[in-house]
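> The structure that follows is given in the form of structure tokens.
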Amino acid sequence: MQCSFISKFRSILFYIFVFRWSLGNHENFALQNADSTNFYITEKNRSDIKNGSILRLTTSPSQTAAQLHERIQSSSMDAKLEALKDLANSSRDVTFAQEFINLDGISLLTQMVESGTERYQKLQKIMKPCFGDLLSFTLTAFVELMDHGIVSWDTFSVAFIKKIAGYVNKSAMDTAVLQRSLAILESMVLNSQDLYQKVAQEITIGQLIPHLQGTDQDIQTYTIAVINALFLKAPEDKRQEMAHILAQKQLRSIILSNVIRSPKPINDEMAHQLYVLQVLTFNLLEDRMMTKMDPQDQAQRDIIFELRRIAFDVECEPNNSGSIEKRKSMYTRDYKKLGFINHVNPAMDFTQIPPGMLALDNMLYFARHHQDAYIRIVLENSSREDKHECPFGRSSIELTKMLCETLKVGELPSENCHDFHPMFFTHDRSFEEFFCICIQLLNKTWKEMRATSEDFNKVMQVVREQIMRALTQKPNSLDQLKSRLQNLSYTEILKIRQSERMNQEDFQSRPILELREKIQPEIMELIKQQRLNRLCDGTCFRKISSRRRQDKFWYCRLSPNHKVLHYGDLEESPQGEVSHDLLQEKLPVADIKAVVTGKDCPHMKEKGALKQNKVISQYLSVSYITVSVCVAVSYITVSVCVSVSYITVSVCVSVSYITVSVCVSVSYITVSVCVSVSYITLSVCVAVSYITVSVCVSVSYITVSVCLISQYLSVSYITVSVCVSVSYITVSVCVSVSYITVSGCVAVSFITVSVCVSVSYITLSVCVAVSYITVSVCISVSYITVSVCVSVSYITVYVYVSVFFITVSVCVSVSYITVSVCVSVSYITLSVCVAVSYITVSVCVSASYITLSVCVCVSHITLSVCVCVSHITLSVCVSHITLSVCVSHITISVCVCVSHITLSVCVCVCEPHITLSVCVCVSHITLSVYVCVSYHIICLSVCLISHYLSVSVSVCLISHYLSVSVCLISHYLSVSVCLISHYLSVSVCLI
């Protein structure tokens with residue numbers, strides 16, 4: 001039918017040409033598509049004519065080719081330019097191209113480029129745009145004609161190649177000329193090995209780099225295409241050298257910043273060229289991937305030794321250290337922990353290709369560049385049961401093989417693929433970094449699946465799916481990849497699988513739903529029966545203690561009647577079922593009130609005692625040096641550092657609404673620093689260290705700084721806890737068991753609370769506060785304790801409790817209300833209260849060998865109380881009301897006061913050798929009372945008073961060897977009472 005139609009069509013055309021239009025030489029005419037292609041209709045493509053197509057009658061291809069061949073040789077520049085423009089458009093048609101090439105048109109164009117350039121250069125000075133167009137159309141026609149594959153590329157001269165390369169190497173060249181020149185060079189390299197050598201001599205990578213730094217994406221695309229062509233055609237031995245040159249020229253960084261991260265969207269051709277460059281780069285790994293390890297090669301064996309050294313922090317032993325058998329046993333043990341299949345000679349694991357030596361290279365890179373993660377993975381798995389450990393060596397080998405398959409390492413680029421990944425252009429060692437991320441993912445997935453050695457292939461399948469799903473999202477950086485893999489947990493993969501299964505049409509069809517509903521009761525009963533059968537068979541478990549796993553086992557099974565659980569201890573793991581007779585313990589099923597699983601189990605709760613329920617970022621380390629840094633500008637910042645290290649440094653710098661910084665450390669040296677500008681700041685440092693330094697600097701509404709035991713703990717040789725805060729509410733807590741403890745709180749707050757609890761040899765507690773309310777508490781069991789409170793507050797409360805050799809308590813306060821309390825059981829106690837307050841209360845309670853209580857106040861109301869059971873007591877009060885109660889060997893009570901009302905009381909109950917009570921007052925009303933119920937060697941009571949009303953009472957109830965009472969009074973009304981019964985008593989009243 002089609003042939004009949006075409007024959008009739010040709011007959012009609014022939015009739016029109018010959019008879020209707022009277023056209024002679026009809027072979028000089030042809031039909032042409034009237035669309036944008038302008039392709040000629042030939043015997044080969046006439047079957048492609050569609051119904052409704054518009055055709056145009058025009059000159060034949062041979063006639064058109066002859067005309068253009070003549071026109072491009074015209075002496076007129078305008079005619080030549082127009083002819084070259086028409087030639088560039090017509091050359092896309094293969095029919096025309098064949099006719100023009102038959103006229104030796106390719107040679108004519110190359111001659112115009114080679115020899116005609118001098119003429120063009122003369123014209124360039126006077127008509128530069130015309131020169132650019134001439135050369136552009138010439139090169140465009142050349143490219144179009146050569147793309148048809150009619151002429152071989154090997155026919156071109158060196159002069160032509162140099163001329164084209166010269167256009168590329170020029171710094172300022174017409175964009176169209178540069179684009180066509182790059183296209184010609186790419187085709188030359190790809191289509192001829194001989195031309196590759198010549199082009200490689202004329203073009204260097206350094207000359208191509210500037211074209212990538214421009215903004216024209218077409219120029220960038222052709223430039224990368226030339227680089228890919230040179231890369232692809234380079235001999236095997238020169239590819240690594242070329243890759244080294246590309247790295248030196250920072251090609252990756254230039255492409256990343258000027259192409260990938262350019263504001264312009266990447267078109268398909270650019271995406272293809274980036275994909276080709278990505279594949280060619282990864283193909284450099286093929287040599288290592290296909291290289292087997294030589295077990296006799298010492299250099300390769302040293303890599304395995306290095307992995308062992310980094311993991312277990314051991315130095316290579318000399319050959320003569322210990323017996324050969326002992327060293328072999330030690331190596332075998334360590335290689336087993338590293339997860340190699342062949343424990344005796346792990347080099348045999350790398351004889352499989354792929355991945356060959358590439359797997360070992362990846363392992364070494366991970367161990368050297370991500371040392372903490374490498375050590376953590378190895379130590380975590382070596383501490384698990386054999387069947388539950390994730391073998392690092394075997395996992396690395398299989399993972400490397402999987403990544404090579406995923407990225408198609410060793411395969412040539414596809415012609416139509418655009419699948420490039422921007423993240424591989426963000427790092428010079430992108431494949432190795434990709435491996436490092438994936439090996440940590442594998443270890444994480446292994447733990448999430450609670451896998452055993454039998455589940456290895458299942459874990460690898462899940463990891464493959466995680467990686468493929470993350471790559472599908474085209475992450476822009478390796479960090480984005482890591483984040484997306486973190487979200488693709490094993491649980492999430494199961495949900496995705498279930499969702500995809502449920503979304504399939506077959507599963508949602510009505511027959512399937514009806515069938516599922518019908519068989520569900522039967523399936524549930526089957527599952528129930530299977531579980532009961534498993535309980536009746538029984539299972540062996542390892543016994544779990546509070547510290548670690550033991551070698552003992554216990555077995556549990558359900559009785560056949562399903563009413564009793566039989567269980568008991570076993571010395572070793574049984575090979576088969578254990579009979580009920582061997583299981584002595586019984587537990588009736590009816591007595592079981594509840595069944596707890598997972599995190600609700602008691603032993604799991606103990607394990608998770610130190611873990612936070614709401615943790616945003618967590619860093620767990622078992623290493624020599626741990627550094628955790630969190631810098632955040634966010635609404636909520638949570639920084640957690642859990643470390644078992646020699647040196648631990650945890651730093652949190654935050655500008656947030658809520659900031660939580662937690663450092664839990666078992667280290668030789670622990671440094672925890674929290675710098676926060678937040679509404680609420682919580683800084684917690686829990687440390688078991690030789691030296692602990694906890695610093696919290698906060699500008700917040702509420703600041704809480706804690707350095708504590710257990711969940712509040714520091715057991716250290718030296719503990720330094722510093723809280724610097726500008727907050728509405730500041731709470732600083734330091735609980736320390738150390739040789740030296742230093743607790744400092746500097747606060748500008750509405751409410752400041754500073755607490756220091758210390759069991760130390762030397763304790764220094766300092767609280768400096770400018771607050772409305774200040775509370776400073778120091779409780780210390782130390783050899784030497786110094787507690788200082790400096791406060792400018794409305795209300796100041798200072799409490800100090802000390803039990804040890806030397807106690808120093810200092811309270812300096814400028815407040816409306818000041819309360820200073822010192823309770824001490826020490827050899828030497830010094831309590832000082834200096835206050836400028838409306839109301840001041842200073843209390844010193846001491847059971848010490850030497851007690852010195854000083855209260856200096858400028859206050860409206862002052863109460864100074866000194867209660868001592870000491871060998872030597874000195875109580876000095878420059879204040880309104882003084883109460884001194886002493887049980888001492890030597891007692892000195894001094895009251896100096898300038899006030900409206902003065903009350904000075906000294907009570908001594910003991911056998912002191914010397915008691916001195918002095919009251920010096922310039923007051924409106926003064927009452928001085930001295931009471932001694934003791935046997936004194938010397939007792940002296942002096943009252944120097946000048947005021948309106950003065951009452952001086954000296955009472956000595958017991959016989960004294962010498963007692964003197966002196967009242968020097970000059971006032972309006974004076975009363976002196978002496979009730980004395982001594983061996984020698986003197987009472988003097990001067991009024």
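Cβ from N, Cα, C; glycine included.
TrEMBL lists 1-24 with the feature signal peptide. Summarising the annotation, TrEMBL assigns domain 'ELMO' to 299-471. Feature annotation from TrEMBL assigns transmembrane segment to 619-642, 677-700, 712-731, 737-757, 764-786, 792-814, 821-841, 847-869, 881-902, 914-933, 940-962, 968-990 (among others).
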> Taking residues 6+ outside the transmembrane segment (764-786), which of them lie with a CB under 8 Å of any CB in it?
730, 732, 734, 741-758, 792-811, 813, 815, 826
> Take every residue in the domain 'ELMO' (299-471), average their pLDDT values, and give the whole-number result.
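When the pLDDT values over the domain 'ELMO' (299-471) are averaged, the result is 90.
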> Residue list, the transmembrane segment (792-814) vs rest of chain: Cβ under 8 Å, 6 or more residues beyond ends.
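The answer is 752, 767, 769-786, 820-837, 840, 842, 844, 846, 848.
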> What residues elsewhere in the chain lie close to the transmembrane segment (821-841), defined as a C-beta under 8 angstroms and at least 6 residues from its ends?
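Long-range Cβ neighbours of the transmembrane segment (821-841): 785, 796-815, 847-866, 870, 879.
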